Amino acid sequence: EKDVAPDSRLLRRVREAALQTENLSPFINMKSSTSLTDFFLALAICNTVLVSTATEPRQRVTVPPPIKPSGITLEKIHQIFQRLKLASLSQSFSSSQSSSELGASFSAKNTEEHLAALDCCDNDNDCCAGGRDDKLQGKDSMDIGNASLDEVFKSVTNSSLPTDFCYEAESPDEAALVYAAQAYSFTLVSRTPEQVTVRLPQGTLLTFDILYTLGFDSVRKRMSVVVRHPLTKEIVVYTKGADSVVMDLLEDSAKADISGEKRMKRIKEKTQKHLDYYARDGLRTLCIAKKVLNEDDFRKWANFRREAEAAIDNRDELLMETAQNLETKLTLLGATGIEDRLQDGVPDTIAALREAGIQIWVLTGDKQETAVNIAYSCKLLDQRDTVFTINTENKETCESLLNLTLEEVRKNYEAEKTQRKFFGIIPTSFSASEAPSPEFGLVIDGRTLNIIFQGNLEDKFLELTKYCRSVLCCRSTPLQKSMVVKLVRRQLKVMTLSIGDGANDVSMIQAADVGIGISGQEGMQAVMASDFAISRFKHLKKLLLVHGHWCYSRLAKMVIYFFYKNVSYVNLLFWYQFFCGFSGGTMIDYWQMIFFNLFFTSVPPLLFGVLDRDVSAETLLDLPELYKSGQNSEIYKLSTFLLTMLDAFYQSLICFFVPYLMYEDSDIDVFSFGNPINTISLLTILLHQALEMKTWTLFQLVAMIGSVVFYLVFSLIYNATCVVCNPPTNPYWIMEKQLSEPTFYLLCLITPVIALLPRFFIFALRGTFGASLILKAQQLDKLPKGQRDLEIQKLRSRKQTTGVPVASPASNYDLDQNVSHLCVSPFLHPAAAAVSHEDTESQEHSASEANPLGKLRLEEGYYFFNKWAEEGSTATASSAGPSSGHYPLVPNRLATPGQYGGKLTKSKDKFNHGSHRRSVSAVTL
Amino acid sequence: QIDYTGTEPSSPCNKCLNVSWDSTPPCTCTINFTLEHSFESNVFMYYGLSNFYQNHRRYVKSRDDSQLNGDNSSLLNPSKECEPYRTNEDKPIAPCGAIANSMFNDTLELYRIENDTRTPITLIKKGIAWWTDKNVKFRNPTGDGNNLTALFQGTTKPINWPKPVYMLDSEPDNNGFINEDFIVWMRTAALPTFRKLYRLIERKNNLQPTLQAGKYSLDIAYNYPVHSFDGRKRMILSTISWMGGKNPFLGIAYITVGSICFFLGVVLLIIHHKYGNRNTSADIPN
């Protein structure tokens with residue numbers, strides 16, 4: 001997180017610039033150098049970061065040791081940087097290469113806990129020109145450069161970190177920026193409410209007086225600091241904020257001369273391009289700007305501000321107004337991109353959850369490009385997916401867009417369905433090699449969401465999302481997040497789970513059925529609002545697939561078992577009513593009856609409900625489809641319930657009437673009749689549970705045997721000691737008497753056998769014919785480890801040969817009830833920024849291409865069209881078909897995206913036994 | 001097993017059917033019967049009642065174990081559970097309650113008829129109750145001396161009884177609460193059709209069977225009314241094996257279940273052989 005690998009060239013130039021500032025008098029304004037210095041000063045100053053040193057007790061334990069003595073790490077970062085640079089350079093030549101490179105770099109970065117971020121700072125033509133030269137050189141002599149650059153990095157790292165400053169920031173992003181500045185030798189040394197000290201690369205300490213701090217808020221989306229420069233005595237406003245906001249506040253260059261205006265324009269354009277580029281790489285972008293105030297203006301403003309602060313009415317509005325007054329006519333210093341690193345195992349987890357039939361939505365506040373990119377990198381969207389993007393501010397457009405998309409998607413699915421039928425009739429035409437058709441992804445932004453909510457378009461939206469494999473909502477506010485969750489929960493009648501780590505996810509977490517907080521750097525609000533807290537996103541996989549599955553199967557089985565237990569026991573008393581004149585008499589002593597549920601048969605079911613594992617954790621993780629048993633309520637459903645009730649009736653019949661027939665027309669007395677029935681019933685109920693139970697540990701065994709032993713011991717003692725107790729009647733000496741009779745033992749032996757025989761027989765049949773995945777998994781569990789892995793591989797590969805897409809059919813057809821929705825918000829791990837001076841000249845976009853993503857993929861053989869742009873609306877929809885070559889995806893007209901739908905083929909079979917066999921037969925034929 | 005209820009007009013006991021239960025002297029009748037087989041070992045003589053719900057909830061409750069256990073305070077102040085058979089004419093009933101009140105009071109005597117001579121068969125009336133009941137659970141009230149009449153001073157007999165509890169038997173160790181007929185009756189039957197042990201017939205010597213095949217006659221002092229609730233009365237002679245009474249059910253059950261288990265085992269074996277290796281790697285395509 002703190003390891004910031006500075007870009008060498010930029011570093012060099014920073015050094016030079018700093019040197020210049022020192023050598024030449026500070027009053028001489030060297031434009032490029034000061035803006036560079038300013039930029040880093042702003043990075044270091046414009047925040048609310050608290051400084052503490054390693055020796056101070058303030059330091060939090062969670063802060064990792066600042067120095068990571070690993071040359072390898074540095075080297076790795078360095079390589080990544082090189083690659084990134086290379087990627088950007090080569091983008092114009094070959095985009096496919098770039099994307100693959102990008103992918104590689106992302107995966108490589110996952111290995112370490114830090115950052116890579118880019119920064120652009122092109123204030124000047126010269127800068128850019130120099131940068132370009134540098135880059136070209138770097139490209140030519142990459143190998144030569146490696147070693148020397150490494151040295152530079154090391155020296156920098158070592159020199160800049162001798163004093164171990166620990167920064168505590170409100171958000172990790174802020175800290176990341178400070179660390180980035182530190183990497184360029186602009187070290188934030190101390191901060192008090194009045195002053196902030198920064199050490200410059202030369203080692204001089206600059207102490208700025210902080211005049212005002214305008215804190216960050218989500219409306220303004222920026223923060224500012226007003227400081228007095230110690231050397232120039234200028235009053236400077238540094239503003240840091242979301243690019244969209246800051247860009248609008250930049251100084252009008254009208255008053256400047258024409259060349260200046262041109263330059264400013266170009267800078268702005270270029271910066272915007274950089275920003276787009278960062279966003280596409282999944283970086284979180286910020287703009288840094290500054291403004292120099294003269295003394296008078298400042299004093300004026302300060303008065304306003306003071307008034308606003310002192311105001312009683314409308315204080316908030318006034319404060320806001322003053323802040324807005326100040327933050328105008330800014331000069332752009334640069335932009336930063338902070339990589340929000342994916343945590344370990346996010347793509348893996350998402351893939352597994354998908355396989356488990358969970359629909360995943362991402363609700364994020366990031367901008368669209370960032371979000372889409374992250375979605376790609378975490379395998380939420382596949383390169384083959386068709387992605388619909390809906391951005392609009394107009395209700396009508398939005399509605400028509402939704403309609404059109406919906407139509408197209410439906411066409412696609414109908415085509416698939418007919419294909420399915422076709423295959424059903426003539427199985428020989430089934431070909432296992434056919435790849436699945438593209439899934440659909442939907443990208444929607446906050447404004448569009450607003451329109452959907454306001455314009456009663458929810459139904460259409462949800463209808464559309466039903467067909468989509470994943471949905472991305474970007475730029476959404478916390479309120480919108482929770483509204484989306486509520487909408488999905490209410491309208492689709494599904495179980496929703498929200499997971500997030502930030503304070504802005506709290507509302508969403510609370511709105512969902514299950515809220516999960518990730519404890520991390522963004523504070524504890526999410527955790528405190530959540531039902532479950534985990535430390536890593538990847539743990540969600542285990543939480544859902546293993547513990548979720550266990551929890552469901554345990555609960556379901558235990559509930560059924562409890563029903564069974566009570567029905568079968570109380571029924572005994574019911575049968576007895578036929579023989580005691582329906583008088584409500586019981587043949588079992590009251591105490592033994594009370595203790596039956598309380599002690600004799602209480603611990604084993606509890607253990608069963610707490611400890612039972614129907615399938616081992618490893619198998620559950622290896623076969624995510626097992627999770628579907630919970631979604632489809634496969635264990636606790638009406639038929640199971642009825643069957644169990646039937647079984648309970650049968651068992652109680654047996655438990656009553658076998659002793660009845662045995663003791664019919666004999667001199668048996670009431671309690672002597674009830675005693676064997678009670679004992680038999682106890683044995684039957686416990687043995688029934690033994691049949692149900694899948695995990696046998698010492699606990700369960702002890703509990704089970706202990707229950708029987710306890711029953712016997714209790715009965716013996718109770719029946720021996722209770723001569724006149726418990727009036728009016730008691731079972732004195734009955735247990736003892738019966739234990740001395742062989743009939744009792746013979747009864748206890750045969751009755752449970754008869755009672756459990758049907759269930760046992762059905763279990764045995766199911767074990768042999770068992771088609772359910774759970775049973776199969778249970779059988780896999782019994783195999784030795786190596787063999788088990790092998791079998792799982794086979795099972796999975798078999799599934800793939802049948803061509804079932806990873807996100808399984810359940811999510812497409814049975815969506816209404818079965819699929820859980822998972823709303824994910826930042827499962828990201830913010831990492832610090834490295835600053836590099838990137839050259840964008842080589843990356844030539846044509847402005848007409850609204851969606852840079854589309855361009856990227858155009859060269860990869862994906863088809864991209866921009867239909868809505870033609871209609872003159874603001875919306876864009878990009879669609880990418882598979883490039884695999886199986887499908888001739890060449891629509892005749894750009895405007896009819898649905899046309900190729902009919903050509904898509906898809907072998908979509910539920911993952912079940914039947915389909916296996918079919919595929920097998922097809923192959924053997 | 002002889003039914004002597006006497007509902008059929010041909011039955012010798014038919015005449016007693018409508019005789020009042022407390023008539024003195026009691027109505028008597030004699031039933032002759034023939035034993036086809038001789039009884040080799042000890043014979044148990046039961047009386048059986050049908051349609052008699054001794055297990056009715058309120059009936060079962062209507063007793064006072066403390067009183068029966070010889071508790072003096074309970075003797076004079078029986079438990080409320082005994083209502084309405086708790087007191088009679090302001091005197092506590094001993095033994096109180098409905099169970100005791102309805103005690104079976106027919107007298108059965110067995111005669112062997114040989115050449116028109118009736119030889120009475122010795123019926124042993126002790127040893128028919130559980131040992132623990134006789135010695136632990138049921139006790140006469142304690143007090144000075146062994147005079148039961150004095151000990152039961154201040155109590156009255158149950159309403160339906162012809163004589164008080166201390167006159168049930170002549171032998172002191174079978175009188176009062178520890179009278180075994182009484183104890184047997186107090187162990188309420190579980191089912192509406194039940195039998196209770198009445199007497200034992202012990203084998204006299206090793207040479208002769210206990211009861212030889214032949215003609216017997218049963219003399220009944222018909223006191224107990226069952227006609228009002230459509231009940232039946234029976235006398236049963238039976239022997240007992242090591243397994244208890246004669247009931248073939250358990251044997252049948254074991255044989256049946258055993259066969260079913262065997263059958264299912266075979267079926268499962270066949271199924272397993274035919275389809276069992278389905279889940280192994282047999283059907284994986286290459």
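Placed from the backbone N, Cα and C atoms, the Cβ positions cover glycine too.
Unlike curated entries, TrEMBL annotations are predicted automatically.
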(request) Let me know which member of A:Phe216, A:Phe388, A:Phe532 TrEMBL also records as binding ATP at the site of A:Glu174, A:Lys240, A:Arg284, A:Thr364, A:Gly365, A:Asp366, A:Arg475, A:Lys481, A:Asn504, A:Asp505. (result) A:Phe216
(request) Work out the three-state DSSP category of A:Asp505 (ATP binding site). (result) helix
(message) For A:Thr364 (ATP binding site), which of the three DSSP-derived states applies: helix, strand, or coil?
(response) coil
(message) Mean pLDDT for the domain 'P-type ATPase C-terminal' (A:527-769), rounded to an integer?
(response) 89
(request) Measure between the Cα atoms of every pair in A:Glu174, A:Phe216, A:Lys240, A:Arg284, A:Thr364, A:Gly365, A:Asp366, A:Arg475, A:Lys481, A:Asn504, A:Asp505, the residues the record assigns to ATP, and report the largest value in Å, rounded to a whole number. (result) 25
(request) Sort A:Lys481 (ATP binding site) into helix, strand or coil using the DSSP assignment. (result) helix
(message) Around the C-beta of A:Glu174 (ATP binding site), how many further C-beta atoms are within 10 angstroms, looking at every protein chain?
(response) 23
(request) Determine the Cβ neighbour count for A:Asp505 (ATP binding site): the number of other Cβ atoms within 10 Å of its Cβ. (result) 31
(message) Can you check which residue among the binding-site residues A:Asp366, A:Asp501 has the largest number of Cβ atoms within 10 Å of its own?
(response) A:Asp501
(request) Other Cβ atoms within 10 Å is the metric here; tell me which of the binding-site residues A:Lys240, A:Lys481 scores highest. (result) A:Lys481
(request) Tally every other Cβ atom lying within 10 Å of the Cβ atom of A:Thr364 (ATP binding site). (result) 27
(request) Spatially speaking, which of the binding-site residues A:Glu174, A:Lys240, A:Thr364, A:Asp366, A:Lys481 is closest to A:Asp501 (Mg(2+) binding site)? Use C-alpha to C-alpha, please. (result) A:Thr364
